[in-house]
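Colleague: So Swiss-Prot lists the following for this protein:
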BINDING   Arg175, Ile176, Cys271, Ser272, Arg273, Asp297, His320, Ile321, Ala322, Ser323  NAD(+) binding site
ACT_SITE  Arg273  active site
ACT_SITE  Glu302  active site
ACT_SITE  His320  active site, proton donor
Amino acid sequence: MAKPVSIEVYNPNGKYRVVSTKPMPGTRWINLLVDQGCRVEICHLKKTILSVEDIIDLIGDKCDGVIGQLTEDWGETLFSALSKAGGKAFSNMAVGYNNVDVEAANKYGIAVGNTPGVLTETTAELAASLSLAAARRIVEADEFMRGGLYEGWLPHLFVGNLLKGQTVGVIGAGRIGSAYARMMVEGFKMNLIYFDLYQSTRLEKFVTAYGQFLKANGEQPVTWKRASSMEEVLREADLISLHPVLDKTTYHLVNKERLAMMKKEAILVNCSRGPVIDEAALVEHLKENPMFRVGLDVFEEEPFMKPGLADTKNAIVVPHIASASKWTREGMATLAALNVLGRVKGYPIWHDPNRVDPFLNENASPPNASPSIVNSKALGLPVSKL
């Protein structure tokens with residue numbers, strides 16, 4: 001490997017060898033693997049993304065499964081190496097898997113796991129946090145105070161945006177987008193406009209019911225509208241949060257032309273995937289529109305930011321921490337481990353990967369199933385009837 005690596009080993013005489021390319025939060029995931037006869041090896045290589053060659057070295061001559069990260073390039077080379085080592089499964093410790101060549105995994109008969117159903121609320125909470133921080137200019141104000149610049153109250157000091165009664169726009173009303181929308185509607189009495197290829201009836205019913213509640217109590221009811229296009233959301237919303245999947249159709253979804261459609265004092269939040277925004281165009285837009293604000297958790301070419309982004313006062317940037325709550329990260333580690341364990345032991349696939357609470361109950365043994373295998377149909381794997 002390029003740098004010295006320390007390998008932490010649990011249950012060295014275990015029957016099955018499972019490798020984790022990074023230390024993961026909590027210990028439950030380790031205990032679950034060890035209790036089922038696994039030798040667990042954890043790679044400690046801080047502040048470095050493992051290369052393909054590094055991971056091949058970790059896989060070695062015999063490896064039953066690997067738990068990896070979204071930052072790793074899992075393509076044909078790695079799946080070939082894992083297959084030769086007798087491996088049956090790889091799982092991302094992430095809900096996304098755009099770092100994985102699933103077709104290559106299919107070719108070598110390797111199951112690919114992910115961790116949905118555990119990070120919905122925590123990701124939505126960070127999107128809401130970025131929304132508030134941008135609206136009320138919290139980061140700027142914090143720097144102002146720490147710099148010793150505060151000399152007393154002034155009527156124009158860090159004037160920001162009031163969210164109540166404004167319109168929140170959501171692009172991608174899946175689990176996370178809908179959770180975020182509910183937080184902003186119920187928490188701040190914002191009206192909703194959303195765009196999604198599929199109608200979110202459940203979200204619409206929620207906003208309708210909350211609007212009726214407000215009206216019954218003598219307050220202005222909130223409203224909702226399903227937009228016919230993304231451009232409609234961009235033009236009408238005061239605050240816009242992006243929650244699409246990343247594919248060829250959503251790459252640079254927000255570009256120079258679409259940024260120009262937004263209100264001059266709008267707020268844009270992205271906790272989905274970095275490449276859905278043309279980051280270079282965003283930097284120019286921020287420079288040209290000082291009242292426009294953005295909150296970013298993800299970036300086009302992580303871990304780097306486009307030149308100029310770090311210098312803009314109207315941008316809040318955080319290092320891909322949307323899922324970084326203790327319960328969530330430990331849950332993600334557990335699901336990733338159980339994905340690998342399930343395939344190693346020959347268990348079926350859980351029938352609903354979006355309902356994973358039975359795997360996260362620390363007071364009970366998890367079901368004998370892999371929580372979420374994205375290529376289970378392609379591999380012809382059986383589904384649990386539990």
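Heads up, residue numbers simply count up from 1 along the chain you see.
Placement of Cβ uses the backbone N, Cα and C atoms for every residue, glycine included.
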Colleague: If you count Cβ atoms within 10 Å of the Cβ of Glu302 (active site), leaving out that atom itself, what do you get?
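Modeller: Its Cβ has 15 other Cβ atoms within 10 Å.
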Colleague: Would you mind listing, in sequence order, the residues at least six apart from Arg175 (NAD(+) binding site) in the same chain with a Cβ closer than 8 Å to its Cβ?
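Modeller: Long-range Cβ contacts: Pro116, Gly117, Thr120, Asn354.
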Colleague: Going along the chain, which residues six or more apart from Cys271 (NAD(+) binding site) have their CB under 8 A from its CB?
Modeller: Thr123, Leu126, Ala127, Leu130, Ile176, Ser241, Leu242, His243, Asp297, Val298, Ala322
Colleague: Counting only other Cβ atoms and using a 10 Å cut-off, which of the binding-site residues Arg273, His320, Ala322 scores lowest?
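Modeller: Taking Arg273, His320, Ala322 as the binding-site residues, the minimal 10 Å Cβ count falls on His320.
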Colleague: Roughly how wide, in whole Å, is the group Arg175, Ile176, Cys271, Ser272, Arg273, Asp297, His320, Ile321, Ala322, Ser323 that binds NAD(+), by largest Cα to Cα distance?
Modeller: 19
